[in-house]
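If you look up TrEMBL, you'll see 1-88, 104-175, 198-263, 370-439, 459-528, 554-627, 649-718 marked as domain 'S1 motif'.
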Amino acid sequence: MLLLGCIKEVSDYELAISLPNGISGFVPVTQISDAYGKLLTKQVAQGELLEELNSLPDMFSPGTLVRCIVTSIEKSDDGRRSVKLSIDPKKVNKGLNSTALAAGMLLSGSVMSVEDHGYLIDIGVTGTHAFLPHQKAKTYIKALKKGPDLKIGQNLNCLIVEVKNEGRVVCLSIDRSEVAASIATERQNWTLSNLLPGLVVKARVQKVAPLGMKLTFLSYFTGIVDFMHMDPEKSMSYSPDQVVKACVLSVHPTSRAVRLTLLPPFLHAGGAPRQLPGQRMGAVLEEATVKAFYKQFGAVFELDDGTLAFARLKHLSKTRKSFKPGAFKEGCKHKCRIIDYSLMDEMCIVSLKHQVIEAQFLQYQDIHTGDVVQGKVLSLKPIGMQVKVADGIRGLVPSLHLSDVILKQPEKKYNIGDEVKCRVLECNPEGKKLILTLKKSLVQSKLPVLSNYEDAKPGLITHGFVVCAREFGCIVKFYNDVKGLVPKNELGSEPISCPDKVFYEGQVLKVMVLKCEPQQERLLLSFRLSSKPGPEDKWKCTPKEKQEVKYQIGEVVDVKICQKKDNGLEVSILEDEDNVVAWIPMLHLSDFVATSKLLWQGLQEGDVLPRVMYLSDKGEHIILSRKSAVISAVQEGQVVRSFSEIQPGMLLTGYVRNVMPFGVFVEFPFGVTGLAPKVSMSDKFVTDTKDHFVVGQTVIAKVMSIDEEKQRVLLNLKVSECSSGDSAAESFALLNQYFKELKEIRDLLKRGKPSICELVPGKRLHLVVQDVREDGSALFSGSSATGWTVTATHYHLGDKKIAPGEKRKALVLHVDALTSEVYVSLREELLKQRP
């Protein structure tokens, strides 16, 4: 069947065509023309883009009229019919032959090649060469604004200007004014077998009926005009024998039935139908009046602005069973919603279905990036999940976005037909492309949606997902394919040497925008969300931007405490004329994590700390360490100064930099970092890495292997593997160091609490009961424990009942200098053991 259609949408792979009576069809990219098909085949065979092959959007524009032929009608799984069309002149003009060609004829052509003086045009007639001079194409090309030349495969409305050699050569024109003025006449010898849609004819009214009329044209042809295609301003005034201008809409190949239109935009060949104003699409109308009802097809309504609208039969009620024909008598009013617009009928398509009227989305244009939508699972494929958001709207959830973690077997979590709550990552209405995510942390996020580079202002905090983790850092993506880089130094408050071990593809994280260049689409990000600097940035060395570094790593200096901060000490290096300021992180005050906190508590501004080692210079910061085991290792030369010096089997002293679920990162002096995987962390079975190590802990690590290409070091922290031989001597040396530091702390704490010297485990005290708590424990006071909180648990109160005000003897069990708490026991068996 031949039809006149109007291009509705253009994508890279097909043209969506509006056909008469509210029908839509599709022209695949393979059905444009012979010459275009050959270029496509050549491009596929060569596997590279051809310069002469233009995309469909480069050649076709919405609103253009085209002649089509129906090639097939396909039925989808859900029962919908899809009309496949072709605009190939060989198929559209198959009824024509070279002897039938005459000057003044209007027919479809397609550009076959570009020559010096014009274009060779394929008009689908065997044995005929059609030529279009440049002069006859100038105005058309200028109006089209698609480039300086016509392109191979471009579809044209051609007017035959001259026929030579009995139809073997024809000269064409596509000049807009010449095409628009053309009218099909008897002299052109049109027959029913070659009559083409789009021809404008002079016709005579033969019969007028309520729902249309019959016309005669070109002497002996008859055609039908249904009432939707009468000129609305003249529909009541048509009378028999009246002469009107009409345009052929369709020609049925077997019944030879010809349909025509009298709508003004079609009465000049190559005209363009009126478009629907954008704001009307999706509008809900409270009252639309039934104008006519066709029991086979549907109903025509008159809308509030006087225009006509059509509702297909299936859109008049929820189901076929619930349909009541009596409700669609002429004059009845119904609530409806505009769901589409038929360009060929210049008429809105409406639906009376409740679920359509209430639907949140009708077309891809209604969906915006960042919207949270409900959908139904249609299918699960290796690339991801297909989700139905609404009728005619489908989205894809890529496999990376099926969950917060990567799902190896998504079919175990999701079933076809499941309702899912998604968030729109990307929506491209032109290409009908909808990308969704099911990651809960993105769906439920209350942070701003970052969907373009212009909105990425420095300081903005939002959620993104990791798409790549490499040595240089992480690439993080947001909505609408906006992406940025988190450089290595912004991955965390502690340096991370192997980002690919810490971060995984698809991981959702909060990020802060540091810098954005919208024109270059460049975005610099940070995982360090606080506007406060990191632990090593919370102070400034001096008012100068940067100090000249005078010290070498491993050099030991004495320092004086300038200021106590929450996470360390700001110190000045003694015997330095420039009063160089440096930083000792709290965790570097001792080899023992608990002792570091006690030392920090006991130290005061103005105290001098001897024998502190220069550890590193991170740009603006001089970092010092007081870890004696690390200092000894450096002084004895048991260190590596660069990656190239590392050898498997080495024993190195370092400190825990980061504890991750998969292992522990250890840093050594001079900045070399290694990873101890979970299996190599302990001689015991490791369930949770945090139960075995804490950040700042001094460790001895054995080098297992090195990867020079990726600059990675794998370590072993098992005690059985990390002993140098004399484990007893090592243990005693560590214990000796620990007790030495405890004595130092005790001396420091004496200044604020002299009683700490007296309060030692095993000492007897005379106390007064202050309170007995609900849990059975008791609170005490005494002259020898002033300024301390003295408690005994229910067990340590013994068998005797006590009451507030009673005097009791007690034995000190433990003194916590950090919290100023003393734990005592009143049990007889313990008191008897002490004199």
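Just so it is clear, glycine is given a Cβ too, placed from its N, Cα and C backbone atoms.
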Across the domain 'S1 motif' (1-88), average pLDDT on the 0 to 100 scale: 88
DSSP-derived helix, strand and coil totals, residue by residue, for the domain 'S1 motif' (459-528): 10 helix, 35 strand, 25 coil
Residue counts (helix, strand, coil, in that order) that DSSP gives for the domain 'S1 motif' (370-439): 6 helix, 38 strand, 26 coil
Summary of DSSP states over the domain 'S1 motif' (649-718), given as helix, strand and coil counts: 9 helix, 35 strand, 26 coil
Secondary structure content, the domain 'S1 motif' (198-263) (per DSSP, counts of residues): 3 helix, 35 strand, 28 coil
